[in-house]
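For reference, the structure discussed in these notes is given below.
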Amino acid sequence: MSSLLKLSQVEAHIGQFHILHDISFEVPKGEVTVLLGRNGAGKTTTLRTIMGLNPVYRGSITYNGEQITNLKPHLIANKGIGYVPEDQGVFEDLTVGENLRVAMKREDESTTERLEWILELFPDLKKFWKKPSGQLSGGQKQMLAIARAYVNENDLLLIDEPSKGLAPIVVEKVMETILQMKEKTTIVLVEQNFMMASKIGDQFYIIDDGQTVHNGLMGELREDKALMKKYLGVS
Amino acid sequence: MVLILRNMTKSNLIYLGIAALLLFLPMIITGSTKFMITQIFVFAIFAMSYDLLLGYTGIISFGHAMFFGIGAYSTAIFMDHFDSSLIALFIAILVAVLFAALVSFIVGMLTLRLKTHFYAMLTLAFAGLFLVAAEKMRWLTRGNDGFTIKAPEILRDSTTIYIISLISLVLIFFGLRRLTNSPFGRVLVAIRENEHRTESLGYNVLHYKVLVTVISGVVASLAGVLYILSLRFVNTGVFGTDLTIDVLLMTIIGGVGTLVGPIIGAALIELAHDWISGLANVHWIFERWLILYGIVYILMVIFFPLGIVGTIREKFSGRKKSKNNAKQKAS
Amino acid sequence: MDLIASLTINGLATGMLIFLLAAGLTLIFGLMSVLNFAHGGLFIWGAYTGVWIYSMSESFFLAIITAIITGLVLGLITERLIIRPVYGNHIQQILITLGFMIVLQELIKVVFGPDIKAVNAPAWLAGNFQVGEITLIKYRLFIIAVGLLVFFTIYLILKKTRIGLIVRAGVMNREMVQTLGINIRFVFMAVFMVGAALAALSGILHAPYSGSIYAEMGLEFSILAFIVVVIGGMGSFTGSLFAALLVGLAQAYMAYYFPALSLAVNMLIMVVVLVFRPQGLFKVKG
């Protein structure tokens, strides 16, 4: 299987701090790749760096075989990468519908089709179409953010901790929808909630102190208690 | 004496040496040169007070002239309305300092917990208010025409004023140097570099910022006092935006965050003033000297944000660093 | 009754002029965290170029068009030459815009001469209407009408069009907008130019209103716009209208009853807002 996204030996700084030392991983098409690791290991920074929100100091990022290292964020997005940030980044004063309209570059058939598909997946968004998104619940905001990243012709979604701050039952629901989206798009997921990660993920990479230190198939990780304890503090 | 000298760093000795030389300068120069050098001393103090804000703490004020103006008007009004005795002068200085401290405290408390822009905006607005007030309260200030004052008897000699200004400059320079090298000064620099981190390290950032604006305001008002004593004339120009631009330019040209830089900057700008006003007869464009200042200022901000002293220091330390790196690699 | 009506209309007209200046300021700030201290410079350039064309063509309409074009061009130059080179550095940005303000102001004196110029309203806007015992000055009503027209046009653009939605979204979360494939720099340049054009429009409208123009009025007037931006909430378009009208009315009434205190009163309103609601009356959510 060909890899859609490839990072090799990526280094990045934030201000004078060296946040990423050596991040290398490949994302196969059509699969869910999960980035695991402790708080502050550099997972969010990795996604931001892919998106062009953080400059790459050394190393390279390729998407679909094309160099995207240090391109401007909007150019990277236009290559077909959607991004759902950690805090969802919903435009709170805009309504649900307006949030989606900002994202939709064209209002042609395929975009409308994608919109209809995603609205079927998240019926709440249709219900609250005219409601300011600031008034949505945490789970609904998460769904709006995912839908917004999806409506354009994006073949890859970067989703940062969708379960953060949500009630278990809501997490369950978000998880189900991501599982359904898997059919249509490739996903890179940052997740602290191991239960969720292990159910959705096909393969995983562990990031520790700004480096990718371990990878494999999700199924293997569930068995390897020692590894989980070492890097994730889960037992 | 030897002990004191031994405790001095080399740079301090150099500064003191220069100051000592300047002390004897009045013997050989003419009155107008003396007056101009006195002005340089006064503006050097003013510019250093600005450096404390911009260079050390990263606070931008667009109304720093108002503190200078407070010092100037307090002195002038007391000298004018009461007798021109040393006691009246002493009270005037006290009023200037207290008033400057109060105004900078209020402006600081209002805006320093917000983004940098707020302080810049509010100081611009306050300075505008002082300017309007000075123009409207003609019974006290005689408006834009201004008025001349009588200085206390013993301060009328230009050499005396020269020496007092020089001594004030030296004292304030070493005082501020001491302050910026102290733990307090290091916190200020930490705030400039990264406000959030300083806050999360447990420092009350607002407290430090307000204190530094108060110190800066007080020093600026003292510069205003000396200005009036040397000029013996005041008008609303002391509250003007030109003056704020002047002090910004002095600080930036000389080098922010260096204290020495603003002194050099003050000298350069004052000399340039003198030179350009001489050129006004040559071509009318030189009457619009402010436009030249504005262009120089913009170019400095874009291309040499570190200023003269800062750029030299960076080159110097850059060389040192690369030497050190080479050493490390060799070993 | 006549007095109150006249003061109110005067205040609303002043408010509208401040609003035109503040609207650009607040949107530019909201979108890029750039506070343009050179905004007052665009105001005077609008006034001077407009008045120049007005004196030659005797058409006030042409004067307005000229001012708007001047604003657009100067806005483009300012964004390219002044703001962009120091993009991402707040301190440099704030410092440099004030420098440019001074250059624009002095350049006026070089090009148009340093003296105050008198300006009269065009014949079709001179004079007044008489409604009962109330006298309504035509030119002031004209300013209010133009202000309202601008407000509602921009309001509708922000509300209904995709570009408007992008601007509003950008004010809330600039980074997120970029990750949706939108070139925020381009959007910013457009907003900057429109903001500059509004400032220039404010300048030319102000000229016959005050009866004279001089180079320093840009900085003086922009202080009021800064006060408005703080009161209305930095980044809030609607907030800038309400705050501008408030400041305009306060200005007009104080100028009549306690002329010495008119600026002081507006400063006082701002101080009260800063103490009790530092984010401004209309806060923009993130």
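Heads up, the Cβ atoms here are built off N, Cα and C, so glycines get one too.
Record features (TrEMBL):
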- C:12-30: transmembrane segment (TRANSMEM)
- C:37-54: transmembrane segment (TRANSMEM)
- C:60-82: transmembrane segment (TRANSMEM)
- C:94-112: transmembrane segment (TRANSMEM)
- C:139-158: transmembrane segment (TRANSMEM)
- C:186-209: transmembrane segment (TRANSMEM)
- C:221-249: transmembrane segment (TRANSMEM)
- C:256-276: transmembrane segment (TRANSMEM)
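For the transmembrane segment (C:37-54), the neighbouring stretch richest in Cβ pairs under 8 Å, chosen from C:139-158, C:186-209, C:221-249, C:256-276, is C:186-209. Taking residue pairs at least 6 apart in sequence, the transmembrane segment (C:12-30) and the transmembrane segment (C:186-209) share three or more C-beta contacts under 8 angstroms. Counted over residue pairs 6 or more apart, the CB atoms of the transmembrane segment (C:12-30) and the transmembrane segment (C:256-276) come under 8 Å in fewer than three pairs, which marks the two as apart. Cβ atoms under 8 Å from those of the transmembrane segment (C:256-276) belong to residues 3, 7, 223-224, 227, 230-231, 246-247, 250 of the same chain, restricted to positions at least 6 beyond its ends.
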